[in-house]
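Asks: Quick one: the structure is below, and I'll ask about it shortly.
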Amino acid sequence: GISDEDGVNQSILVSGESGAGKTETVKILMAHVALMSAGEDPTVIRRILESNPMLESFGNAKTVRNDNSSRFGKFTELQFSPQHRLVGSMSRTYLLEKSRVVSQNPGERNYHIFHQLLSSGPDLLQQLRLEAVTAGEQLAYVMHHDPTQLIEGKSDAERLHLTSSALELIAFGPSERLGLFRLVASALLLGQLSFEALDGDEERSQVSERSRLAPLGDLLGVEPEALEKATCERTMRARDEVYAVPLKASDASLATGSLAKELYARVFDFLVHRINESTSAAASSVHRTIALLDIFGFEFFKVNSFEQLCINYANEKLQQKFTHDVFKSVQEEYTRECIPWESIAFKDNSETLALIEARMGVISVLTEECRRPKGSDESFVSKLGTLHGKHPDFSQPKLHAKTQFTIHHYAGAVPYTVTGFLEKNKDHLPADLVETLGAASNPLIAKLFAENGQAGAAEAAAPTGRRGSMVSAETVSTKFKNQLGQLMGTISATSVQYVRCIKPNAVKSKDVFTMGMAVEQLRCAGVIEAIRISRAGFPHKLRHSEFLSKFRPLLLRLVESAAPSPDEGQAAEGPISSPTSPGRKQTAHYREQALCKRLLAAAALSSGDSGYELGLTRVYFKFGILEELEGLRASVCTAMATCLQRNMRRSRAQRRYLAMQRASVRVAAFSRMFVQLAKFRQCKTSVTLLQAQSRRRTARVLVHDRRRFVRAASIQALVRMRWLRRDFLRSVKAATKLQAWARRVSQMTTFKVLLFEAREEAKMENQLAALKEKFEAEAEERRKMEEKNRALLERLNSGAVDGSTATAGLGENSAIVDRRVLDQSEEMLQLLEKENAKLKEQAVFIHQENARLKRENHHLRNSTDTSEATMKVLSQHAKALAQAHMKLTAAKEGVDDELKRSILKADRLGEELKMKQAMYIAEVNARIEDRAVIDAMLDIAAAFPGCPEELKQRLYEQSLRAGQTGMVEDDAGLRQSGNNFRRMSVMFGRFFE
């Protein structure tokens, strides 16, 4: 459940050695809880589950004991709503191993994220300014990088993809992810800075390769000169004076390492903060929490430093909590429940904790030594030997008494080498570096160092003579001690469950199990002692109500009355009095207690009364007793189940019998029904045959009569068809002649125009031919004159003719030719003027004809619009007619039955009536067509000027006569009018022929 029976939050403490599987256990627990209590928003669940692998990338590393060792402690609170749905989580981290950023032991690696970035593609490496890695350059902070190495079956490149996906899931955009990776890469590039003496002065230093400052400054957003100055100099203030103190090359290198460690630690804290922002729920929606503690296990290496001391101190606190919960709380509970039992001695680590955290303990002495201006690691060990030399859990080796001390933890004695203890405990970053990074152009760097930069500025402005005094500064050990105290307080306010992870072997193999190693871990974790205590006491317990609820079947079977009266209970067992109020009346609680005692007494357990104890609120059982009760309960439940099964089988068999009885009755009924149905069908078939014979005879008579009627009608139709066809052919012949004459009249005007044009064209062609002949004759005459003139010229040249005579002859000939040419030119001009006038008249006529066509086109368009409107009206009218037709059809269906009954009688009369009506209609239609033809003849005669007046008069009289006889309904009048029309048509045709 999300909360225990008392309604408080819960905690699960996962402990064990490094490499025992604590991190994987926590992930399995989180996945199980998320699956069982998933909320409405699956994104929150994904963020909570994916935050673990992401923190592993930034906080886990490969060690000699574990390929994925957690180098920090994590306390995760899973937050639940009042409906017990997972709505968020909140994480807190403890003691990140910052020293791993700058150095690793042999066989170990740096944090996974560094190796993941180094295994990325060339594009990302270029953006991270790590191009030198592709060229084979060795990084100072990553000593053992192998791109092909697999951690838990995945390469570093694959893990980088998972890390990027997890960052994207918690709202890290592409630019933010790149900025985060650039800060991690800057920590690597800080390790590439090397320092040397400036101009041979060992007290001053400078960067050996200045080319390495540019990419580092680009990543951090700091000018290379400012970064070099902050690492190679220290600003000091004394009263009103400010001066720069140069640093040695070794000090500058240490400052660079401190910056790399602090930078990575702040990036890690920023990442945890962003995860909490993404996964935490509002305080108003959080009802209960389940906390999961994944903290570093007990560590014991060849060289144990400050980090191992803090880790083992945390495990001592957790072991004390476990001891208190398992041993002391059990003793207190037995005493509170008035259960008699013998106290069992167990190992208590309170003295070890007092050695570490007491007022003059290891942490206090270390902090005091860090505050001393000339404190050192050796003086720290000396003070510890002086203060705690006689402590049973403290010792010093004789060979390394100045640099080592040993603490006897609950898991064994661990020697600590104090080299670098004070520096790691101070973890002090020079204020110059903090101020420089606080003013960086990179917004993330400025945000991470802004708060500390302000604190450093205030410290620098203080009038004290010493810069960065550590009197009031909180050291790493005191900070961790306070955080651990808060953690234990949070855990103490919850209901705690423990998960002990056991490491099966030291070779990291899944197929090897070392028995001695596993037993030693169980002994160090206090599990064996807890088992011994549990077997010696009462390992099982149940509340009175739970015991009665669970063993109610046993109570009903063994006790005659499940709830005896108070008098019977008092007479049988006597009152069970409360130690605080012996004379009070029995309540429901005491009745439950009496029932529990009666049940246990009636159960007749094998161990008798010594196998259990009845407390004030709970029943306690020794080992094996509860199992015996479970066996009795199982036997009783089996008997009850057998009885229930027997009754259920009886009920099911009874239902089956009744169903079979009902089915047999239905089968008999169906059998009788089928016999009667066969008889009915046989009778029905006989009646149907008789009816068919009767209908056949009636139908034969009707068909015979119908055939006679149809044949007579066919003969009549053929006769009428011949008459009508003959009249129709005559009418067609007359109409054809009328149409031919009408077309001749209509084409007469067009023929005259065409004839006139043809004559004019022939006339023009004749004139042109005459002109052509005339031009040819003149040309011939002119040719002759030219020959004549040429002959005269030849004669003149030869001297046969006088010159004046020849000149006169030539002039006369030229004058005659010129006059003829002028005359012909004048005639041609006149002719062309006439043709031009004719062409103008034709152009005017064409223009007028074009205007007339335009007017007709406009008139046709208006007619089209009118036709469209008329079609719409007709369409609406057609719809109305369709609706009326539907109504008429419905009415017709109503009278169809009545018409069918009288149709046989009315068939003959109907056919005769139809014949007469058809004849009459045909004659009337013919008469109407004759009248229309006469009217057309009148129109043609009126339009034709040569038509005699006698013919017009006779046509007019015939038209009047047709109008009068058209209303006569007797056959004689119609036939007479038809004959008159035929005679008039013949006369009219002969006239026009």
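Indices start at 1 and increase along the chain as displayed.
Even glycines carry a Cβ here, placed using N, Cα and C.
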Asks: Looking at 300-322, 346-368, 484-506, which one is region 'Actin-binding' according to TrEMBL?
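Replies: That would be 484-506, the stretch labelled region 'Actin-binding' in TrEMBL.
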Asks: If I go by TrEMBL, the feature coiled coil sits on one of 23-65, 195-237, 582-624, 754-796. Which?
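Replies: Checking TrEMBL against the ranges 23-65, 195-237, 582-624, 754-796, the coiled coil one is 754-796.
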Asks: Could you check which of 87-121, 822-856 is flagged in TrEMBL as coiled coil?
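Replies: Within the set 87-121, 822-856, TrEMBL attaches coiled coil to 822-856.
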Asks: Can you check which residues sit near Lys22 (ATP binding site), meaning Cβ under 8 Å from its Cβ, same chain, 6 or more apart in sequence, and list them in order?
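Replies: Lys22 (ATP binding site) has long-range Cβ partners Val14, Ser15, Gly16, Ser70, Asp294, Ile295, Gly297, Cys501.
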Asks: Beyond the listed site residues Gly16, Glu17, Ser18, Gly19, Ala20, Gly21, Lys22, Thr23, identify every same-chain residue whose Cβ lies within 8 Å of the center of their Cβ atoms for the ATP site.
Replies: Asn66, Ser69, Gly297, Cys501, Lys503
Asks: Determine the mean pLDDT over the coiled coil (754-796), rounding to the nearest whole number.
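Replies: Within the coiled coil (754-796), the model's average pLDDT equals 79.
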Asks: Treating G and I as helix alongside H, and B as strand alongside E, what does DSSP give for the region 'Actin-binding' (484-506) in helix, strand and coil?
Replies: 9 helix, 7 strand, 7 coil
Asks: Would you identify which of the binding-site residues Ser18, Thr23 has the most other C-beta atoms lying within 10 angstroms of its C-beta?
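Replies: The most densely surrounded of these binding-site residues is Thr23.
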Asks: Could you tally the C-beta atoms, other than its own, that fall within 10 angstroms of the C-beta of Glu17 (ATP binding site)?
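Replies: For Glu17 (ATP binding site), the 10 Å Cβ neighbour count is 25.
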